[in-house]
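Per TrEMBL, the features are:
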DOMAIN    88-123  domain 'EF-hand'
DOMAIN    127-162  domain 'EF-hand'
DOMAIN    223-258  domain 'EF-hand'
DOMAIN    268-303  domain 'EF-hand'
SIGNAL    1-25  signal peptide
């Protein structure tokens, strides 16, 4: 599984600290400082993230537990924190309710929620595009608009603590690199993905758009297929390139710690079983094919968005009218925002 290591976080924090020290030493434009800090972080965030915002499955096949919140809150997701003032969060949630309720009938239907989900997913797409610009600049120091695998490899190893100049010199002279087995395995996986992102005719160089596909395969149909193959590879135990329910509710081989957690996490198994049977397995034959998984993974699939809208409504639809009233969303706020709003009923009418 590909993820950012602790060393990346440490380097990112160090970079930000240095920038803040410079700000104390001399006057600086605050927006310029923020941009420099962001670029510093971008240099460290050049590994494709395991958690893809707005996509229902992560790269390793795990369910994205924050998906409902991501497609309901969009850019406002970070504003709903556990220790935030409940009254302030209630007002924000009421504001979102008003935006989703486009016909102003004080309730949200499936079509309204579907439209909102598609809009919020597009927001996540655009955010990834903007972040990709910074990440691309970090790996394209000469600014020629293309990045070779060797250029990326140097930056990646530098982010892992290797001396960038020494690595660059060794690669230039075709000298052997002394890399630990774990890092080499990550590099091999990244190289495979790099080649997949290299659009025809292949030149082994990635432009900014191809680099976006490399970091965020949900932006490319071809890369989406590749990610599906990766997930099937991790979960498919009998090698038939399809998934049964038992395979889908298992975890990739070798994750002992997670396997132990799975044994006691009944909710996790229940969620995956429901997702497999009711959503992914489109023809309900007990088998998920690559095609079915690909349709399920496509974040801009309108049918999936409508199905997701119906599921989200069903969670909080206490009066069973197939719509969501404000009171229901406030009561089930933890599902929609990750933040539990107490005493919601007492302030509903005076605030809305």
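Backbone N, Cα and C define each Cβ position, glycine as well.
Curation does not apply to TrEMBL; its annotations are automatic.
The domain 'EF-hand' (268-303): residue composition by secondary structure is 23 helix, 2 strand, 11 coil, according to DSSP. Per DSSP, the domain 'EF-hand' (127-162) is made up of 24 helix, 2 strand, 10 coil.
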